[in-house]
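Record features (TrEMBL):
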REPEAT    C:7-39  repeat 'WD'
REPEAT    C:55-87  repeat 'WD'
REPEAT    C:96-128  repeat 'WD'
REPEAT    C:141-173  repeat 'WD'
REPEAT    C:185-217  repeat 'WD'
REPEAT    C:297-317  repeat 'WD'
């Protein structure tokens, strides 16, 4: 009887080790696919706003009187906020909250600059 | 006469032992395997995610920047007088811009990319080259 | 007494009314894309006339109106996604753009320097009045997760409240020009349609699709529930008005009725229904209720209905 139990445990363990190897592979792959998508989507939108901020900061700096006084500060606030985004995944940051904050500042900046830009024509991405 | 019976008995026993062995292997092995897969998969999802995230993000940033610059450039060109010589160029810019605007991650990180484990996705290189060609001599100023 | 007085003129549902803070008149807005100005034509107030109709500014329903505290600038907001600014004898001096779709409400801060608008695009915009019809956008607040129905400013401080289809009320203030939400109020079980502060600003009333009225009290950290009146109406409650003169709360809704409620801050459940007016606009929803802010006419109440009518009431309890 003892031998039988030992046999059962042995098969269980061999199976488990095989499973662990397989699980590791599929976990890494599945995670990677998901991460690629999330990272890409999020950063693509962020990159757009970063380029927008940099572009308009340099224009406004050269011609401050042409724009409302608060424009430069708002653009810098937008850029600073965008730059809190890093390409390493940070579990402490709520991505949707950050992006909504950025989108709001972007729209406010467009209003002050009297320009029309749109990252996406369709409904904004949700995270 | 008893010898024959003895042989048949030990044959039978061996067959039974084999069957028992396979049954144990199937039953307990499979259960163990399933447990192992679940355990390891969950542990490694986050690691895989973080890895994919960094790669996706560094490329996404690039693409987003290009998208803005093209939009800016197109707006600038539209506000100027268009002549025949710039028409073709404007069209290519518009096409590239639309492509970037609609670009999804799986168009860059294709099945081939996964298989080959390439550092630089081929599709991205194409896009960057086209972008560089079109924006070579352009000034981004209103 | 001849009250209530029925005011005919609009040819589509009337969405909102805004009393002038300085003289005895009010403006109304409608699905017919017009704004009408109403003044009493009799001293006993039993007759009112429409002295002006403004109908070429917006291309869609005008959803909300607000007078600035000085009573010399009117803001109108529309489903056409714009906000109109009117000065000097109802001349359109500016059109504020930015929202992506229907603008649902507009409200002036107590100082008259800030204007808030909110929209189905889930955002709240804050504008600063720079003078001469010039407005600068100082913030676009994107934290609600659904359509924002209403915005209302604190009567003294630069604190803004917003109510949304996401069942919450958010409170906003600024930190050196950067606007942020410092509190989210989550007691209602469904869409919050409207909010209004009391005279002091220490209390906030909210009404909802969940048919209840809640009064919130200000504490050190923000606002918390003080009193609740569930099932105040049989259907959605669309509007609330807290008189800054007589302190009574008026609500109206989809059950075609309006209610007058008294609030006692010292009682544990301080809300008492004083009177209910059924079928106040026949079988029609009542979209807006608003107390006259003038000291001499604090018993006047106006309601606006889906029946295209406005009614002016004299409330005697």
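Positions of Cβ are set from backbone N, Cα and C atoms, glycine also.
A mean pLDDT of 98 is what the model gives for the repeat 'WD' (C:96-128). When Cβ-Cβ distances under 8 Å to the repeat 'WD' (C:185-217) are tallied for each of C:55-87, C:96-128, C:141-173, C:297-317, the top count falls to C:141-173.
Within the chain carrying the repeat 'WD' (C:141-173), a Cβ under 8 angstroms from the stretch's Cβ atoms is held by residues 104-111, 114, 116-120, 122-126, 179-186, 188-201, 204, 206, 208, 216, 222-223, 244, all 6 or more beyond its ends. Long-range Cβ contacts of the repeat 'WD' (C:55-87) within its own chain (Cβ-Cβ under 8 Å, at least 6 residues beyond either end) map to 12, 15-23, 27-35, 93-97, 99-108, 110-112, 115, 117, 119, 129, 133, 135.
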